[in-house]
């Protein structure tokens with residue numbers, strides 16, 4: 001073969017390899033695509049947060065119009081929840097659940113690919129809504145009627161938002177079916193239920209939450225869409241509808257969604273802390289039952305978001321009580337993690353730093369959650385920045401911190417190369433300090449009465465808002481350094497790593513550290529047998 005022909009063949013092979021990503025059913029490639037999708041959406045969603053913080057640096061700054069500010073608030077939350085956190089966990093789950101249970105792929109590879117590509121029309125609808133008459137949604141990510149009805153939110157932006165969430169919700173439902181069937185049917189011989197790694201348990205319970213709760217959200221959104229487009233009366237008071245029906249259906253999904261966004265992180269943190277404390281996880285079965293209890297009780301707390309909506313006192317008492325009860329299994333997990341690292345030979349790797357930071361931040365979010373479970377407290381601080389602080393300590397301090405831990409922990413397995421420990425330390429401290437500087441002052445602002453989702457505020461809140469905006473810049477720097485490190489390592493760093501690059505197999509003894517880094521196409525030449 002001539003040199004020209006060889007070059008042409010190599011070029012064609014290179015492009016075929018690239019095109020394979022568009023038609024692949026390989027769980028690892030699909031997982032990587034989910035992760036890249038989440039990173040891109042995080043850059044956009046984080047940029048929207050920057051617009052919010054810039055507007056709030058001083059009262060009546062006039063940087064953006066009130067309408068555009070409302071669009072930023074609505075779309076920031078939408079992107080970070082539905083297009084960043086949930087897809088990122090789906091990506092890590094896609095990649096590592098089959099590896100951890102000794103399977104060669106997910107149970108339904110084509111369904112897996114279809115679920116991922118549903119994100120494309122969902123994303124197109126979200127961003128396309130900025131360019132239609134009236135612009136993107138301005139109602140907040142909750143889209144409560146009557147504000148979200150056509151009489152008060154004219155234009156197709158809200159309709160496009162509703163359809164986009166329905167599409168991304170369908171993606172989650174199909175993915176959940178795949179995870180449940182994969183874990184139930186494709187475990188390696190000898191891998192009994194109570195031998196499964198905690199990340200697998202977390203994703204299995206997570207998938208059941210998604211499968212039960214997401215169709216309820218879709219039904220609420222479909223009712224709202226029908227009222228807006230076809231003139232039905234599910235939620236329109238003037239025609240005999242009930243807006244509270246929407247709130248019940250919305251929060252029946254959206255409170256379990258908090259656990260959907262955090263449970264996989266619980267699994268990651270369990271792996272990371274045990275690995276770098278060089279100890280087995282303390283109370284494995286207790287951890288499993290705690291995950292199960294969170295999955296069960298998570299369906300019984302939704303109406304604590306509705307204490308001020310006029311629900312009966314008997315319901316307020318029940319949901320207040322259950323909102324406190326769910327802290328018990330979460331507390332069991334915190335205790336187990338602390339017991340795991342107690343007396344261990346701790347290695348302060350980047351994943352370990354994020355794991356320890358997660359515990360600190362998540363406990364703060366949990367404590368403020370206990371306060372909000374009290375009806376009188378909730379009456380005082382509902383729709384203030386206290387709720388914003390609580391929510392972000394749970395989701396940024398919980399979901400994002402544990403996601404960083406998982407990425408640094410498993411990146412060597414996915415790529416065959418370590419992310420930089422030096423840059424990782426910078427990412428951790430910038431993000432950890434920035435997180436607290438950004439969101440802790442919001443507790444004070446909320447207690448003093450600063451309303452959330454409003455483009456301006458009274459002058460006495462300016463100094464705390466300036467502090468909060470400065471913290472955002474630290475978090476932004478951390479995110480940019482992380483993206484730079486991922487790009488540099490993935491595309492420009494050379495070299496390979498052994499199957500167990502962290503040298504933790506004597507502690508974890510999980511199947512992900514028994515295959516090459518990165519794993520071969522079908523994971524295992526021979527399906528392993530667990531003794």
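Cβ atoms here come from the backbone N, Cα and C positions, even for glycine.
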**Asked** Can you check which of 5-30, 317-342 TrEMBL lists as transmembrane segment?
**Response** 317-342
**Complete:** When TrEMBL is consulted, the range among 76-101, 492-517 described as transmembrane segment turns out to be 76-101
**Message:** If I count Cβ-Cβ pairs under 8 A between the transmembrane segment (385-411) and each of 113-141, 288-311, 317-342, 467-487, which range comes out on top?
**Reply:** 467-487
**Item:** the transmembrane segment (161-186) and the transmembrane segment (76-101) contact flag, 3+ Cβ pairs under 8 angstroms
**Value:** yes
**Complete:** Quick tally over 113-141, 317-342, 354-373, 423-447, 467-487 of CB pairs under 8 Å to the transmembrane segment (34-56) gives the top stretch as 467-487
**Item:** Cβ contacts under 8 Å made by the transmembrane segment (198-226) with residues that lie 6+ beyond its boundaries
**Value:** 89, 93, 96-97, 100-101, 143, 145, 148-149, 159, 162-163, 165-166, 169-170, 172-173, 175-177, 179-180, 183, 232, 234-235, 245-246, 249-250, 252-254, 256-257, 259-260, 263-268, 270-271, 281, 284, 287-288, 291-292, 294-295, 298-299
